[in-house]
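For reference, the structure discussed in these notes is given below.
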Amino acid sequence: MSTITGHSELDAEPSGDKASTGRRGDRIFGGLATGSGIFVVVLVIAVGGFLLSQAVPALLKNDANFLFDRVWEVNDSGMRFGIPDLLYVTVVSSLMAMIIAVPIAVLVALFLTQYAPKRLASPAAYLVDLLAAVPSIVYGIWGFYVFRPYTTGFQDWLAEHFGWTVLLEGPVSLGTVFLASIVLAIMILPIITAISREVFAQTPSTHKEGALALGATRWEMIRTAVIPFGTPGVISASMLGLGRALGETVAVMIIVGTNPGIFRFSLFAGGETFASKIANNSAEFGSSSKVGAFIAAGLMLFILTFLVNAAARVIIERRKAFSE
Amino acid sequence: MKLPKHVALTSVALAGALALTACGSDNNSGEGDTGSDTGSSVSGTLNGEGSSAQKNAIDEAIASFSANNPDATVNYNATGSGDGVKNFIAKQVDFAGSDSALKDEAVDGVVETDQAAERCAGNPAWNLPLVAGPIAIAYNLPGVEGLTLDPTVLSEVMLGKIKNWNDPKIAALNEGVELPSTAISVFFRSDESGTTDNFQKYLSGSAPEAWTAEPSKVWPGTAGEGRTKSDGVAQGVKNVEGGITYVEWSYATDNQLGVAQIDNGAGAVELTGESAGKALAAAEVAGEGNDLKLSLDYATKEAGTYPIVMVTYEIVCSKGLDADKTTLVKSFLKHFASDETQGTLEEAGFAPIPAEIATKVNTAIDAIS
């Protein structure tokens, strides 16, 4: 933060502190950093390549339209599979989770950085981070066995009064997408909170003090200085959270029931996401073409996550122009 | 539990001295000729993998086997029949547990039985039925005990064609029982499962007109809700009044669910170890020689027989394993097939394999070399 002007001891003997390792250190470090960067890119390409190589043979054998047909019959006698139901449940449950989690996470982050006294802020932040350490199977079991009974009354009420909207139409299944969304929201809350907290804490104090000096109340200061500064960070945080929600496997598998054959757009129906479908059937992967069908679904999830992240990049880039 | 080599050697040397005591505790099966195989304790590690339906049974057998043979370790990884067979063929495990016998038709251009024979150095792999698991029709109707269903009505219930519990078709089978008008909520396995396959085999075998779908590991119905694994469907029924599902017996009893009696044409039969064992006794051996692939008569009208039973097999090489493994496999399977071990399985929700089958299994185990 502070810039040193004038004479100092360091200037007199620049090589006296053994900090310099010569050109070699520079080359090694540079090489390691570049190597790691390349490694990640190669890794992602390799994953994509693997998914493609496994999925393509199965897709070629597919007698149904992979993108539009609502069937999943992969057995030894023939292959007919399509993903629209999986795509719908994956996207809807994740979006619902985002709608619940993002506002709460932002508020928690604002509380921790702007309102809470220092002594309270760090233990509270630590507690929120702990939520991320709970394994997803625990969330699944808790969600279905402990939490579900408390939500049935609310779900029935929603279905009764707002059933005219397609999304909340009854009847209410036992394990609903709605319930899974709430549990997913709790699961992604710590990720979004942690990153939002970091960016809000970075708000330059000059911005904040400037706003307060102009007569802004604390809420107005947050609205005019903290939130605009933190928006790109919040978007990145949300995308990380969305990534986790899209790919969540075990919790969704335990909570949500399935209704094959009868597809409903309602949140009160059951369904399967890409990841839960793969996990649920992994024990009985027999032939390679059958595995391929599930890998093809995995490939779609890969592409979906890629698209979501790309979209997030575009939004962040645009926002930057306004916030700086 | 890995012991240093000299300890293992000493214990082998001691085995002769201990043989008398070992015989005393081990050989109560009543078949005199089994003494040579199970009498002395064996050592080594045996790995198996496969069906989760038989997990509790094989765990029980492994526990008592290791108590008798402290130097031997048997591992069983319940990942599912498909994985078990795959890893058996890939030589990752020494035997596989499977809900269905090895397939002899080609899938993706490969035949399982051929692959297994290749794995066993050119010798056929045998399917040995060692665990019989009755499938319970579990329901949740407070106040209604001993509900009776027949295959046709059961098919219609599971397909959602009969929607309420007081439907005249159900009432006709349950005279004197007051049935509530509660809606029927069907639960089924959302994952692919041997239980689903066997249950459908029963329905299509005993009520081919009501159940027209081709039996497979995937549930074909569209009524009700799918839940993952046996525990999932059992919990579903437990949580929803009017729920019904098919599930391994132990899950129904553990969750205190009602278990329906089945009327296959000779009167209602309650599910017990004995009534389920009878279904097995009536089964025909479809395999050749010592390959004991069974074919169950699902439509059996034999009195006192509970017909919805699934057989899980241990799939082993008839020849071709190295000598140590062969001894160990034989010794473990002998123990598993013994009356003593089979007798302990009922508590865990399984039916003991009946004497006729047990004799054939023992003959087959003796023939492994």
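From the backbone N, Cα and C atoms, a Cβ is placed for every residue, glycine too.
Remember, TrEMBL labels are computer predictions, not curated facts.
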Residue among B:SER81, B:SER155, B:SER216 sharing the phosphate site, where TrEMBL lists B:SER51, B:SER52, B:ALA53, B:ASP99, B:SER193, B:GLY194, B:THR195 as binders: B:SER81
Residues within 8 Å of the B:SER51, B:SER52, B:ALA53, B:SER81, B:ASP99, B:SER193, B:GLY194, B:THR195 Cβ centre (excluding the phosphate site residues themselves): B:GLN54, B:GLY80, B:SER98, B:ASP197, B:MET310, B:THR312
For B:GLY194 (phosphate binding site): intrachain residues, at least 6 apart, with Cβ closer than 8 Å: B:SER51, B:ALA53, B:SER81, B:SER98, B:ASP99, B:SER100, B:LYS217, B:MET310, B:THR312
Residues from the binding-site residues B:SER51, B:ALA53, B:SER81, B:ASP99, B:THR195 that lie close to chain A, Cβ under 8 Å, in sequence order: B:SER81
For the binding-site residues B:SER51, B:SER193, B:THR195, the one whose C-beta sees the most other C-beta atoms within 10 angstroms: B:SER51
Neighbouring C-beta atoms (10 Å sphere around the C-beta of B:ALA53 (phosphate binding site)): 26
In the chain carrying B:SER52 (phosphate binding site), residues 6 or more apart in sequence that have Cβ under 8 angstroms from it: B:ALA78, B:THR79, B:GLY80, B:LYS229, B:SER230
Other CB atoms within 10 A, centred on B:SER81 (phosphate binding site): 30
Maximal Cα-Cα distance (Å) across residues annotated as binding phosphate, namely B:SER51, B:SER52, B:ALA53, B:SER81, B:ASP99, B:SER193, B:GLY194, B:THR195: 11
